[in-house]
Amino acid sequence: MSEADNKPVSATVELIAQDRPEHRPEHRFSSRSIRSFVLRQGRMSGAQQRYLEDMLPKIGIEYRPAPLDLDDAFGRSAPKILEIGFGMGETTAKIAAAHPEQDYLGIEVHGPGVGAMCKLVAENGLANVRIMQHDAVEVMRDMIADGALAGVHVFFPDPWRKARHYKRRLIQPDFVALVAQKLAPGGYLHCATDWEHYAHWMLEILAAEPLLQNTADGFAPRPDYRPLTKFENRGLKLGHGVWDLVFRRR
């Protein structure tokens, strides 16, 4: 365990909390100088590129600093679930296929992941998936109406393990407050991580948000709708932990 992990989570979270709007002249989201990701596009395969070029014009939504009509974007009225950082798309595709009665808006900044997700959507005929390739904080802030979401998934975000990088973690007090604002009453925020320090960090921040209520006594059992990933299965066999948190909007 690193020296950073030996520091009390509460003390570190308090330092981050001092960066909330009431402690600064400008809202932290008004200028996105600190982001929770580093844009490393990597190499896109030929198949990913082809599917991206073919599918993104059909299922992609461009970022605009204006409210998005989600029902219009999906062509129907149904519960809307937003997933932040869908990676290569396997989990999102499995959940969307298992729940055709719900619509899924996936956000990912990395091109190969977007291409892979486009491929999965095409191969599985998923009519209930839309994709955005943009900063999720800006999408949430500028395009999602208050109370519009039935759920938000944040699965295995970058833990930013070094203490000096904690400010880059996606789960921060201000962001959780923003997510809670976008959830409909009874809607949920589901986070999952395989990094223990980040798990406790998440738990403390989510528990401190007055609009959210924990559905469990601490960490939650993995909900049936979240499939195990290959990486997660391998880690569990090696004795590594995975922590789920599910909070509902009051």
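For all residues, glycine too, the Cβ spot is worked out from N, Cα and C.
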Which of these, E83, E90, E196, does Swiss-Prot list as part of the S-adenosyl-L-methionine site with E108, D135, D158?
E83
Neighbour tally for D158 (active site), based on other Cβ positions within 10 Å of its Cβ:
16
Could you find out if DSSP has E108 (S-adenosyl-L-methionine binding site) as helix, strand or coil?
coil
When a 10 Å sphere is centred on the Cβ of E108 (S-adenosyl-L-methionine binding site), how many other Cβ atoms does it contain?
25
